[in-house]
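Visitor: What follows is a structure written as structure tokens; I'll ask about it next.
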Amino acid sequence: MSTRFARVALDHPLDALYDYRYPDGWPEPRPGMLVRVPFGRRESVGLIVEVSAHSEVPANKLRDVIEVCASCPPLSEKWLALVEFAADYYQRGLGEVALPALPQALRDPPRWPRLLAPEERYRLLPAGREALPEALPARAAALRRLAEALVTAGELDLADARALHPKAAATLESWRDAGWVEYECVEFGAAPRASGQIPTVKNTDDADSADLSVGTNGNVDARATNGANGANGAKEPVALHRLSDEQQTAVEAIVESSGFAPFLLHGVTGSGKTEVYLRALAARLEREPEAQALVLVPEINLTPQFEAAFRTRFAGVLPDGAIVTMHSGLAEGERARHWLAAHTGRARIVLGTRLAVMASLPHLAMIVVDEEHDPAYKQQEGLRYSARDLAVWRAKQLAIPVVLGSATPSLESWWQADQGRYTRLTLSRRAMADAVLPTVKLIDLEEERRRGRASFEGLSGPLIAAMKARLERGEQSLIFLNRRGYAPTLACDACGWVAGCPRCSAYVVLHKPERALRCHHCGWESRIPHSCPECGNVDIAPMGRGTQRIEEALASAVPGARVLRIDADSTRRKGSAQALFSDVHAGEVDILVGTQMVAKGHDFQRVSLVGVLNADNALFSHDFRASERLFAQLMQVSGRAGRAGLPGEVLVQTRYPRHAIYHALARHDYVGFANSQVKERRDAHLPPFVYQALLRAEGRTLEAALAFLAEAAAALTAIPAASRVMAYDAVPLTIVKVMNVHRAQLLIESQSRAALQATLHAWQPALRALRGVLRWNLEVDPLDI
Ligand code: ADP
Ligand code: ZN
Ligand code: ZN
């Protein structure tokens with residue numbers, strides 16, 4: 001047999017493939033297989049991209065593949081094409097994109113033989129929850145970690161347990177003897193249980209009528225197609241809502257589509273978009289017994305709510321393990337297990353954050369991107385990709401439907417729908433009987449002041465009164481303030497000193513519970529000084545307000561209210577966000593204060609008042625996307641009010657009550673707002689009417705960063721495609737210095753995506769040849785400029 005060569009991608013910034021001899025007698029080499037190879041003096045894990053009978057590399061330079069991962073099926077050609085596209089479009093190396101997209105276990109050869117080994121798990125029993133971790137010796141740190149992980153998650157993978165404690169297996173066995181945990185071992189690829197009925201279309205109050213079925217030919221009516229499983233399909237269908245006409249139309253459109261079918265599901269908050277996703281997915285999964293679906297949500301905190309809704313809906317229909325989550329909060333072992341479940345086809349629904357868009361899903365048949373406008377879909381480091389855009393690309397590649405849902409679609413998607421490239425589906429009303437959109441009122445802060453009306457710590461009189469009324473009625477209020485910490489900074493009135501970060505060109509934020517000044521850009525921390533470090537004045541005071549300060553103020557402004565704060569600080573500990581949100585749902589909270597974390601997607605049933613503080617800050621940003629973002633945020637947070645029958649009210653405190661954004665908000669007029677924004681963008685030649693890319697440079701000095709960018713701009717003149725590209729002047733970033741590194745950027749844009757792409761490809765080698773900065777990176781379709 002003649003020698004074969006594997007062309008391998010490695011996690012390496014150069015966009016090159018490396019040739020290796022593939023030993024005879026091993027499993028047939030195939031693109032998509034993982035291999036261990038020598039690289040320089042070390043070893044590296046790579047991905048076979050091509051197999052060839054020839055190599056250009058001289059024989060004495062060629063080395064052998066050391067090991068191939070034979071335990072797990074190779075990644076598919078479609079998946080390789082996805083990472084190739086992403087690498088090419090976002091200007092990175094193939095290996096740099098492909099390998100980080102895989103769970104750690106796949107990049108760790110010692111774990112290869114057991115990738116698909118049975119899953120061994122320990123589940124906490126009530127006796128264990130009582131006893132652990134108090135029963136442990138105080139000094140046994142590793143043991144405590146193990147116990148805490150178990151108590152937090154309720155169960156633990158043996159592999160994850162071993163990572164926490166070397167003797168985890170023995171310990172867990174002893175806990176099992178004590179009756180604290182139970183052991184479970186599941187064959188990895190265990191055959192899915194026989195399927196019951198997928199409750200696609202039946203409405204609770206009209207279970208026998210067939211005219212409500214989604215498809216005209218009955219192909220999605222559960223009873224019509226489930227005959228084969230009828231014998232064991234004794235499961236009662238889950239009680240379902242009767243779909244509104246608009247929901248029904250949307251579901252039908254999705255289910256009846258064929259080939260690549262992008263939908264923009266524009267539904268006001270609380271209009272039942274989730275229900276539309278569920279029905280459409282159910283229909284699709286039932287029609288194709290192997291079909292898989294990918295559902296993306298913008299935030300990790302939204303996964304539990306979705307997971308619960310999906311598990312309930314598909315309980316008894318899809319086997320255990322058919323719904324998996326994928327996000328950065330999973331333990332390594334879990335992440336690998338979920339990824340492999342998707343890769344082997346065992347998982348039918350993958351629910352995840354942006355990183356899940358890269359999951360290997362061999363039978364992917366439908367994609368949902370919920371809250372598609374959310375900036376969190378954009379990765380801000382490494383491969384700077386848009387998960388929403390990649391989702392659409394994947395749908396096109398596979399010729400399947402993709403549903404982009406939002407109450408406030410991104411202008412990019414809105415414009416696609418305007419042009420007829422995406423099919424627009426509209427849900428204009430709230431779904432639940434009695435639920436209507438909240439009334440939005442503006443509180444004019446200037447007028448409050450002129451009339452001498454009382455306010456307290458930034459909370460206006462009308463807002464305080466409204467919260468008190470809610471408290472009396474046993475309803476909940478939500479106060480939204482997009483700024484965490486106690487106060488944005490600390491200042492001295494006597495000399496004008498303001499607490500700044502020694503490493504960044506930014507103020508440090510006062511955190512009162514932690515008694516610290518903290519830089520939100522680099523993490524630098526110090527104790528709160530007792531007096532002004534410049535002049536010794538002891539009367540230094542916090543300037544401005546953050547969530548902690550509002551939390552404190554609420555305790556005196558609304559006596560007797562149980563106040564809960566949810567922001568990145570209060571939810572730092574793993575699993576704590578979940579616990580806090582449960583308290584809100586359980587009615588153990590009267591007033592919830594929070595940042596954008598509370599604004600998104602949550603279905604709070606008893607919130608009838610939303611108060612918005614300090615939104616004005618965003619009105620005067622130099623970023624052309626600021627108003628789009630502010631409007632979306634305000635619509636989202638307003639959408640938390642009055643979802644379930646209670647009439648909702650939104651009070652926005654502002655100094656600019658006549659601003660167009662607030663007017664559109666008060667009328668719930670996304671369409672009017674979006675159309676005026678589209679017009680402005682068109683007139684000003686801004687995205688989506690041009691395509692942009694950013695070159696960012698980081699230097700020891702600002703001069704160095706700017707000089708690099710000037711040379712980079714000069715290099716454009718040698719690139720033919722760049723004649724259709726315009727380069728702006730290089731400018732310092734708003735926060736120019738972070739961690740003593742100075743940052744600047746150069747924006748380039750073109751009317752032609754192809755010309756921009758060609759320019760970027762030709763530009764890269766020139767950029768690599770330039771020196772003088774610490775780092776640089778390219779971002780395609782940047783969101784923050
Ligand atoms: P969105 O995602 O559009 O904000 P949700 O999907 O969270 O809205 O739905 C809001 C609420 O309406 C949920 O409590 C949901 O159970 C309920 N709901 C959805 N569809 C219907 C329907 N057809 N009839 C009654 N209630 C519904
Ligand atoms: Zn001073
Ligand atoms: Zn700093």
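Yeah, the Cβs are placed from backbone N, Cα and C, and that goes for glycine too.
The region 'Disordered' annotation in TrEMBL covers 197-216. Per TrEMBL, domain 'Helicase ATP-binding' is recorded for 254-427. The Zn(2+) 1 binding site annotation in TrEMBL covers Cys492, Cys495, Cys532, Cys535. Residues annotated as Zn(2+) 2 binding site in TrEMBL: Cys501, Cys504, Cys519, Cys522. Look at TrEMBL and you will find 527-684 tagged as domain 'Helicase C-terminal'.
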Visitor: Determine the binding-site residues, out of Cys501, Cys519, Cys522, lying near ligand 2 in the sense that the CB is under 6 Å from one of its atoms, and give them in sequence order.
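Guide: Close enough to ligand 2 is none of the binding-site residues.
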Visitor: Between Cys504 (Zn(2+) 2 binding site) and Cys492 (Zn(2+) 1 binding site), how far is it from one CA atom to the other, in Å?
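Guide: Just about 20 Å between their Cα atoms.
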Visitor: What residues, ordered by sequence, lie under 8 A Cβ-to-Cβ from Cys535 (Zn(2+) 1 binding site) and sit at least six positions away in the same chain?
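Guide: Expected: Cys492, Ala494, Cys495, Trp497.
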Visitor: Within 10 Å of the Cβ of Cys532 (Zn(2+) 1 binding site), how many other Cβ atoms can you find? Include all protein chains, please.
Guide: 20
Visitor: Check each residue in the chain of Cys501 (Zn(2+) 2 binding site) that is at least six apart in sequence and keep those whose C-beta is under 8 Å from its C-beta; list them in sequence order.
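Guide: Correct list: Tyr507, Val508, Cys519, His521, Cys522, Trp524.
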Visitor: Once Cys492, Cys495, Cys532, Cys535 are set aside, which residues in the chain still have Cβ within 8 Å of the Cβ centroid of the Zn(2+) 1 site?
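Guide: Not counting the recorded site residues, we get Asp493, Ala494, Gly496, Trp497, Ser531, Pro533, Glu534, Gly536, Asn537, Ile540.
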Visitor: I'd like to verify something. Among the binding-site residues Cys492, Cys495, Cys501, Cys519, Cys532, Cys535, which ones have a C-beta closer than 6 angstroms to some atom of ligand 3?
Guide: Cys501, Cys519
Visitor: Near the Cβ of Cys519 (Zn(2+) 2 binding site), how many other Cβ atoms are there if near means within 10 Å?
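Guide: So the number of other Cβ atoms within 10 Å of Cys519 (Zn(2+) 2 binding site) is 21.
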Visitor: Among the binding-site residues Cys492, Cys495, Cys504, Cys522, which residue has the fewest other Cβ atoms within 10 Å of its own Cβ?
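Guide: Looking at the binding-site residues Cys492, Cys495, Cys504, Cys522, the Cβ with the fewest others within 10 Å is that of Cys495.
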Visitor: Give the sequence-ordered set of same-chain residues, not counting Cys501, Cys504, Cys519, Cys522, with Cβ within 8 Å of the centre of the Cβ atoms defining the Zn(2+) 2 site.
Guide: Pro502, Arg503, Ala506, Val508, His520, His521, Gly523, Trp524, Val738, Met739
